[in-house]
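Chemist: First the structure, then my questions, so here it is.
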Amino acid sequence: MTVRPRPAAAAIIIAAVFGAAAAAAGGGMVGVDGTQFVVEGGRTIYFSGFNAYWLMMMASDPARRAAVVAAFAQASSRGLNLARTWAFSDGGDQPLQSSPGVYDEAMFQGLDFVIAEARRHGIYLLLCLTNNFDDFGGKRQYVRWAADAGHNLTAGDDFFTSSVVKSYYKNHVKAVLTRVNTVTGVAYKDDPTIFAWELMNEPRCDADPTGGMVQAWVEEMAPYVKRVDGGRHLVTAGLEGFYGDGEHESKELNPWGIYYGTNYVATHRAAGVDFATIHLYPDVWLWGSTADEQAAFFRNWTRSHVHDTAAFLGKPLLVTEYGKFLWKGGGANKTQRNYFLDVVLDAIYASASRGGPLVGGAFWQLLLDDDVVAGMDDLRDGYEIILAEDSRAASIIGEHSEQLASLNGQDAEALRRRRRRPASSHRKTRLGSGGDSDALRLPRTLLIRFISLSRSISSFIQDNFVLF
């Protein structure tokens, strides 16, 4: 059964209160003007953000909602104004959608609470609608549902071509976008707290390395989301930035020169796609490489995407995920991680301050100390940033937020005409050795190689041999 709650009269009154608060805090719906994001009156807005995929899951249990409140409060205190999170959980033991069109009301109310809290703290939301990977169901779960219904589907990438699976996805889009928030009384499609819809987290396609299957899927789904939404919110595809084999595709810059089944330029040109995205994980994508090699990759990767976005897309660009693996004995130390943050955030500010297309980003991922709400330690993945535990990282992020906030409110038309000028940057954290001895370097490199190789092998086997 698809749950479609109707707001009571009290909720309608609450909606007016929340609506006024959100308008004051966030400036209303976000639009685009060339390579800039703008709010009402055509004034620019820049995004200093974070990822917290777990928000809906935590909020679905009233006893753990304190984690959501604390996360938004900590983020807001550091000037963060964008949160990227999941608006899906397909199947599994904590589903939002337990089977096609069947929704768990407690989980949906968790998402209601997340949106209401984001409003209260003046933070926009980038809501992702499904996953390329198996975490929280994703495309493979949709294919399983169709196969269980008697359709002859055998691989996860059938998600992109099966008419049945595509109908399931469209139904989910409609269920989410037309949902009326039980806290605020506002339909999601009408809520200015929601910055944009993301079609999928990190779409990839082994079945068609040229990117044609993903391209066709995005060309169908982006306009569909726009129609259901009424064109009020922005839409993006969710790409990591990998190049394909099409025109203006700098495929030689892909990690190891490999195709991932997407086309950065062509897909972001699709009708209904309002802005471009890239991700940045040089230590995973280039496992076993040196810090200098990763730094060179970062510079080329960022420079190329900023250029291509300006030259061939004319749209804004966000780094919607960036992170540095930080696990004792297996990843970078904090000094190296904080240096990485400095470099990424300086690149964002350099572009934004000169009127370029790279106008924001979101680090992966924000967590809280387990003392705040039990269970947080279970979400650690080596990339987490706990602001209360890492004063230097918190300072870097907070300073960057202040820098971007100083650019907010400019006239987008005037910004396009601005002459390019040098931009100030953060104070750099010295990379140094940070205590990373030669004795630890080899085990760390081997672990990162093992993790990356294991993920690749697992993904290949699941896609080609063990769907069910």
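Using the three backbone atoms N, Cα and C, a Cβ is placed for every residue, glycine included.
The following feature annotations were taken from Swiss-Prot:
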type	residues	note
ACT_SITE	Glu202	active site, proton donor
ACT_SITE	Glu321	active site, nucleophile
BINDING	Trp86, Asn201, Tyr281, Trp364, Asp371	substrate binding site
COMPBIAS	416-430	compositional bias 'Basic residues'
CARBOHYD	Asn152	N-linked glycosylation site
CARBOHYD	Asn300	N-linked glycosylation site
CARBOHYD	Asn333	N-linked glycosylation site
REGION	415-436	region 'Disordered'
SIGNAL	1-23	signal peptide
Chemist: List which of the recorded positions Glu202, Asn300, Glu321, Asn333 have their Cα within 10 Å of the Cα of Trp364 (substrate binding site), in sequence order.
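Modeler: Among Glu202, Asn300, Glu321, Asn333, the ones whose Cα sits within 10 Å of that of Trp364 (substrate binding site) are Glu321.
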Chemist: Spatially, which candidate from the recorded positions Asn152, Glu202, Asn300, Glu321, Asn333 is nearest to Tyr281 (substrate binding site), comparing Cα atoms?
Modeler: Glu321
Chemist: Out of Asn152, Glu202, Glu321, which of these recorded positions is nearest Asp371 (substrate binding site) by C-alpha distance?
Modeler: Glu321
Chemist: Taking Trp86, Asn201, Tyr281, Trp364, Asp371 as the record's substrate-binding set, what's the max Cα pairwise distance in Å, rounded to a whole number?
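Modeler: About 30 Å separates the two most distant Cα atoms.
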Chemist: Of the recorded positions Glu202, Asn300, Asn333, which one sits closest to Asn152 (N-linked glycosylation site) when you measure Cα to Cα?
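Modeler: So, of the listed recorded positions, the one sitting closest to Asn152 (N-linked glycosylation site) is Glu202.
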Chemist: Among the recorded positions Asn152, Asn201, Asn300, Asn333, whose Cβ has the fewest other Cβ atoms within 10 Å?
Modeler: Asn152
Chemist: Quick check on the recorded positions: of Glu202, Glu321, Asp371, whose CB has the lowest count of neighbouring CB atoms inside 10 Å?
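Modeler: Looking at the recorded positions Glu202, Glu321, Asp371, the Cβ with the fewest others within 10 Å is that of Asp371.
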Chemist: Pop the Cα-Cα gap between Glu202 (active site, proton donor) and Trp86 (substrate binding site) into the table, whole Å please.
Modeler: 13
Chemist: Return only the integer: C-alpha distance in Å from Glu321 (active site, nucleophile) to the residue listed as 'active site, proton donor'.
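Modeler: Cα of Glu321 (active site, nucleophile) to Cα of the residue listed as 'active site, proton donor' measures 10 Å after rounding.
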Chemist: Can you tell me how far the Cα of Asn300 (N-linked glycosylation site) sits from the Cα of the residue listed as 'active site, proton donor', in Å?
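Modeler: Rounded to a whole number, the Cα-Cα distance is 21 Å.
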Chemist: Just how many other Cβ atoms lie inside 10 Å of the Cβ on Tyr281 (substrate binding site)?
Modeler: 19
Chemist: Can you tell me how far the Cα of Asn201 (substrate binding site) sits from the Cα of Asn333 (N-linked glycosylation site), in Å?
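Modeler: Cα of Asn201 (substrate binding site) to Cα of Asn333 (N-linked glycosylation site) measures 28 Å after rounding.
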